[in-house]
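According to TrEMBL, the protein has these features:
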type	residues	note
TRANSMEM	A:12-35	transmembrane segment
TRANSMEM	A:66-89	transmembrane segment
DOMAIN	A:67-273	domain 'ABC transmembrane type-1'
TRANSMEM	A:101-121	transmembrane segment
TRANSMEM	A:154-175	transmembrane segment
TRANSMEM	A:196-226	transmembrane segment
TRANSMEM	A:252-272	transmembrane segment
Amino acid sequence: MRSALQQPFKTAVLVLVWGWLLFLVFTPNLLVVGASVMTRDPGSFIALPFSLDAYRQLLNPLYLEVFLHSLYMAAMTTLCCLLIGYPFAWALSKVPKQRQMLLIFLLIVPFWTNSLVRTYALKLILATNGLLNNALLGLGVIEEPVRLLYTEGAVIIGLVYLLLPFMILPLYSVFDDLREDYLRASHDLGAGRWPTFIHVIVPLTLPGVLAGIMLVLLPAMGLFFVPDILGGSRNLLVGNVIKNQFLDARNWPFGAAASILLTLAMAFLMFAHKLSKKRLGEDGV
Amino acid sequence: MKKIALASLLAVGLTGCGGSEEPEVLNLYNWSEYMPQEVLDRFTEETGIQVVYTTYDSNEAMYARLKLLDDSAAYDLAVPSTYYVSKMRQEDLLMPIDRSKIEGFDNLDPELVNLDIDPDNQYSVPYLWGTTGLAVDTGDVEGDVTAWEDLWDERFEGQVMLTNDMREVFHVGLRVLGYSGNSTNPDEIEEAYEKLSELMPSVRTFNSDAPRMPYLEGETEVGMIWNGEAVMGRDALPTLEYVYPEEGIIAWLDSFVIPKNAKNPDAAHEFINFMLKPEIAALISEEIGYATPNLPARDLLPDEVADDRASYPTAEDMVNAEFQTDIGDEALQVYAKYWEMLKSGQ
């Protein structure tokens, strides 16, 4: 009786979830894979025959340079997020429970505003005659306005601002699980603050660090509107290359191949994350 | 295969298009900041046709969108630049314009109709024409700026703005080297890339949304600009000057075209008619600073607009001017490669 009632509900949920994944995740990705192995066609964007030219083009030193620079900016972003996010998450886990919820809520509130709008707001702050420069001039800290907008620094600031919560949240969850017993045990066994940090805290929070890196590094390479708005359409990310290939150069197979490169990089990071978790699990036993 | 791919890509975007007794609608796809709202309001008032106004900031984006939405008939009217008219015509993306429904075609400057891009104007009706030249904020810049070459001057380090338009930026590089801005020769394009990469340390930003803004915001003081943007920018920044560079200006003509699958070609024809009215054409030219090809409209313009060299260049200003032409797909790929290198180079 019970199962008969539950069965239709269960089936409906399964159909919904699988249908969603199939049509909105699997099929679009399959189309991207399909486009990447076809030939560029000026008239209809993609055409037969199948070819791996797009992937060969990825190995071209020109694009390699773009990817490396993009990776560099994404890595700087991740590093900044980590340097800010790690102590932030640690401090957050030390705050009384009730206030923690409020702080996390405040962390999430900016998501209620579209990120494009927030990036434009950042532009107003960083501009030569913007808020920051006017404030610094007014305080007498600087004599001449500092050029912040349309620089590599501005792109990294924008990316850090947009992605910081994605670093803090997984770190917070591992710090929240960090048991005081371990730290006390470490102290009792004679380890000072520094050895405790290196040998106990870092390994135990590593899964959070890796999850944070995963959530920041790859999205940082894709947020093409940040260089467009804050970088003066310079300091390109892989996301800009993909957008340019689809819209301006009309080389869909190449754009698709570049996008798949990002997906593969993500898969690699997830694999590393899984591996580290597994190792950590064995160490813990 | 490709059709299936496109169809399934589109299937997601095409929900809820039920037709019922709604007011007549014209879907207009135009460049950003390229038509005063007042003109659209007057059109609706006069004809009862609602205008759904969508904008783009590059021919490439417009073309890709129209091509993708080919079957869905999302737009009734678009405004491609010079060589995109011939490209789209040749690719059979356009509907012929029924001249019997058009009044006032004879108002147009005979020099701007029946061009190579569209013989006899079977598919296009000119809207506005303009130029891409030099902008100089004379409040900040000392000394003369008379040529594209001057942008390479050391004193402008970190002060230069370029349009975010591959063809226009390479046009400048090619002209400085003495080549045609429509070059399809890979060696010349590479040379232009080398030349432009020397300029890159000076370039602060690329902008094609509203190229006047970096000048008004104080971020840049010299660089490229469209003439209408220079005219509009002068209202807020009177020291912003429009200069015709010695190597020659980049000229373009934007025309109305009707996509082949337009849902409401009648409204599109009616809109073109409206645009050809001298008083409307004059109003547009006055408001947004580009030149109208409508001769009777020019007589209606106030003197300060009609005599404004930024909007209406003299014959002398147009020496060495070059219209952009379709360079073909092969050359486009060469440009695209160097463009990517240029913008990512440090």
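Glycine residues also receive a Cβ, built from the backbone N, Cα and C atoms like all the rest.
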Are there residues at least six beyond either end of the transmembrane segment (A:101-121) with Cβ under 8 Å to its Cβ atoms? List them, or say none.
92, 95, 158, 161-162, 165, 168-169, 172, 223, 225-226, 229-230
Do any residues, 6 or more residues outside the transmembrane segment (A:66-89), come within under 8 Å Cβ-to-Cβ of it, and if so which ones?
152, 155-156, 159-160, 163-164, 166-168, 171-172, 174-175, 205, 208-209, 212-213, 216-218, 220-221, 235-238, 241, 261
Do at least three CB pairs under 8 A connect the transmembrane segment (A:12-35) and the transmembrane segment (A:252-272), leaving out pairs fewer than 6 apart in sequence?
yes
